[in-house]
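A.B. asks: Next up is a structure, given as structure tokens.
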């Protein structure tokens, strides 16, 4: 500690950084990034040596819609400009089966994507079978991630990861979509997953409990070899793991990312200046949704319904957590609010 | 993890939260809080059951000055309004000998403060001897903290803590003033300190490397029994440990703070609405100053001097870290910038 920490401290354990700033971060600005913004950030990330740059609508290929928000640019436009900007970094895309289809995958392949990630709810890996099979046939590198992973046990996650590998995934992992994990939770899950598969294991953190960096380090220490992180923590709600913090911390504890620190800070400065009005912060609702283990995308409807029904939105989040609500079940919010109103606010334990 | 996390989860290991939102947080708004702001936050923290509310100029009693900034209110005014607002929480003050004097302590005692903290640089505990002795004579509870503590070894910190206890401190601890620590660093230091003294041990974190909450948990696990944290992370540079995140995370891992979660979130909402235009964020310079182990208050002069001399401010920070620069040595910034300019920017390893 009294020794100097300089620009070029680097460890020797290789780890791969996967950067979804231009995809998951897109949630923070309602999918509104334009071509010049995508280009500026992609060029900076490429220059810094970031291994994978993922781009798209926040919900992935094919997801632009009235329901979750229309992206400013089409998938075609986003893929064209980002492909053009990347010289060394791989171009990645994300897809949730149901939002996107095989046709969207074909289109992405036509744009020469290097890596496709397929996401499913943590207990629904079978939804990815057909898409992973298609990508294997096409010879495209395909990874798979389990969303809202705190809702399944380590054993179940390990089983689903093994199944995803059978389907063709050459990398598998978990997202802490609700920002619910503490480091010991991550250690337990990544350890179980690493014991079940022989492919690289992925961890994707969120910062609702201020633990995104610490959880990512715990994941690496437990054997994860691909970590997701976004410039400035750019992402939905409390944000994702902050890329330019994670990288030097990883290097300091003995990992080697291959990323140049100053280049990375320059990319973060581009994100700060060109992509976002202000970075994500951890507000009270983010904390409650993280504690309750509920997707932070519920924030706006929970606040609206709670105000209308005269109940405490924090109670609504905790009750949604008890009921294991997941994205798509927004109708539950009204049920919960009415039940709490009936029970009276004095009884909100 | 699949069990529900609700409002009232609490562990059974007692731990005390010390809240310097209205003192250390004051740095973030150039010591400009007015009486109504102090009152609003103190009332909310008191209602939530926060054990200690610390108030004052960011640099403590007597520090308001042209050099580090004049506070909007005098110490007298700040103490009067905060004392008046607190029913259950203790009223705390902070003093750096040299900035404040025995006269300032007498004045604070006349305002009926419950707890005085004396701070010194990590290797200068002897500077606190006279003040701690005075407070012991007066029968006022007195704690002592070592600043920029990453610049001393665990053994040295333990020695200085033991000396502070001899001087009269009934609580001793460390501040991670530069935001340089990772959890293993904290564990090592707190363990050494707990082995050397029989009084409560204090940890005060900063968030430059995204680790303030994780470091605070590491401190508790190593035996610290008093943790500092500020609403919304309100503080200089990248900010302090975020209070309303730390408390529920502590409770989840088995500690008992005695603080009501909803009351605490309400206090954080008061801070968000009434105290700050925007909470602290981790920008590129915060990361570099944390990595380099340099006080983040150097940011503005480093940026100014670097622009003037045409050198990279990040190089300046790393070189200041190598030279073990501490607050008060701002003249070094010019020396470093000139040396780097002489060496040429191409040689900035």
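Backbone N, Cα and C atoms are what each Cβ position is placed from, and that goes for glycine too.
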A.B. asks: From B:24, B:46, B:75, grab the residue that TrEMBL records in the same Mn(2+) site as B:204, B:206.
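C.D. replies: It is B:24, as the record lists it for that site.
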A.B. asks: Among B:32, B:177, B:225, indicate the single residue that TrEMBL lists for the substrate site containing B:23, B:24, B:204.
C.D. replies: B:177
A.B. asks: Going by C-alpha positions, which of the recorded positions (B:23, B:24, B:27, B:177) is nearest residue B:206 (Mn(2+) binding site)?
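C.D. replies: Sorting the recorded positions by distance from residue B:206 (Mn(2+) binding site), the top entry is B:177.
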A.B. asks: Secondary structure at residue B:206 (Mn(2+) binding site) (DSSP, helix/strand/coil)?
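C.D. replies: DSSP call for residue B:206 (Mn(2+) binding site): strand.
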A.B. asks: Around residue B:27 (active site, proton acceptor), how many other C-beta atoms are within 10 angstroms of its C-beta?
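C.D. replies: Other Cβ atoms found within 10 Å: 22.
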A.B. asks: Cβ distance under 8 Å to residue B:177 (substrate binding site), same chain, sequence separation 6 or more: which residues?
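C.D. replies: In sequence order, the residues whose Cβ lies under 8 Å from that of residue B:177 (substrate binding site) (at least 6 apart) are B:147, B:148, B:149, B:206, B:295.
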